[in-house]
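Peer 1: Let me give you the structure first, and then I'll get to my questions.
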Amino acid sequence: MLARFPLYLRLVRMDKPIGSLLLLWPTLNALWIASDGHPRWPLIVIFALGTLLMRSAGCAMNDYADRDFDRHVKRTADRPLTSGKIRAWEAVAIAVGLSFVAFLLILPLNTLTKELSVVALFVAGTYPFMKRFFAIPQAYLGIAFGFGIPMAFAAVQNTVPPLAWVMLIANVFWSIAYDTEYAMVDRDDDIKIGIRTSALTFGRFDVAAVMACYAVTLGIYVWIGIALGFGAAYWVGWAAAAGCAVYHYTLIKGRERMPCFAAFRHNNWLGGVLFAGIAAHYLMAGS
């Protein structure tokens, strides 16, 4: 078992934390806004660990669902499950175990949060199979990656206000943007094996679609900033996020694999500076 532990870590992408961070930033945005800038530390820990666990569970389930496809893709052919180094039942067991631990984390929270966690689990568990049916499965991914938003509001306020759903919509568009960049890396392989992705659906308009999704995401956060009366610190963070989006355009406009992958990875900075702007606003407002 100990000898296989490094393989399990690779299965759940512990060596690639970018995915966890893409889940974490929107969740932290929601925690800070829901609590008016004063989230309780136990909640921060619960949601941070829950994000890590559920992303890891999602990776294991994704590899299980895609095990017959990944062997045909150069980038994924050496994954532990695809290469036969671990077995399918192990991936499923790990996904179930991590999901159970994540649920244990939220047991101290209110009933509404626990009810929403069931929905979140369903969405996360079914996403890997959506690539067979949906033309833009990245939209479904955005719901899965963003469900920490309504859960955060529920945990803090014991209700899910319209603002939470607006933030979730913003996350859906952001997810379409960054995961389309990711899909542009595997475009040729996905055509051969018949997987549906937004990069294939958008076709020659893929770059324009990515930038349009960034524009919608940032536009929603303009509305949020105005509606909540955020100050200059927030707008500095927003401007930095907009700058990241412009930088991504320079990377993806040539549609080359490595620059597109770099743009995907750089979304960590976009999410991070936007959260920094929100946190800085509340910090300065309370000083």
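Cβ atoms here come from the backbone N, Cα and C positions, even for glycine.
Summarising the annotation, Swiss-Prot assigns transmembrane segment to 41-61, 89-109, 133-153, 158-178, 218-238, 267-287 and lists sequence analysis as the type of evidence.
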Peer 1: May I ask which of the stretches 41-61, 158-178, 218-238 has the most CB pairs under 8 A with the transmembrane segment (89-109)?
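Peer 2: Looking at each of 41-61, 158-178, 218-238 in turn, the most contacts to the transmembrane segment (89-109) are made by 41-61.
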Peer 1: With Cβ-Cβ distances below 8 Å as the criterion, list the same-chain residues six or more beyond the ends of the transmembrane segment (133-153) that contact it, or say none.
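Peer 2: Residues packing against the transmembrane segment (133-153) from afar: 22-23, 26-27, 29-31, 34, 43, 47, 50-51, 58, 106, 113, 116-117, 119-120, 123-124, 126-127, 159-161, 163-165, 167-168, 171-176, 179-180, 183, 196-198, 201.
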Peer 1: Report, as numbers and ranges, which residues of the same chain sit near the transmembrane segment (267-287): CB under 8 Å and 6 or more residues beyond its ends.
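Peer 2: The answer is 18, 21-22, 24-26, 28-29, 32-33, 36-38, 174, 177-178, 181, 221, 230-231, 233-238, 240-241, 244-245, 248.
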Peer 1: Same-chain Cβ contacts of the transmembrane segment (41-61) under 8 Å, 6 or more residues past its ends?
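Peer 2: Same-chain contacts beyond the flanks: 11-14, 19-20, 23-24, 27-28, 31, 35, 91-92, 94-96, 98-99, 101-102, 105-106, 108-109, 120-121, 124-125, 127-128, 144, 148, 151-152, 155-156.
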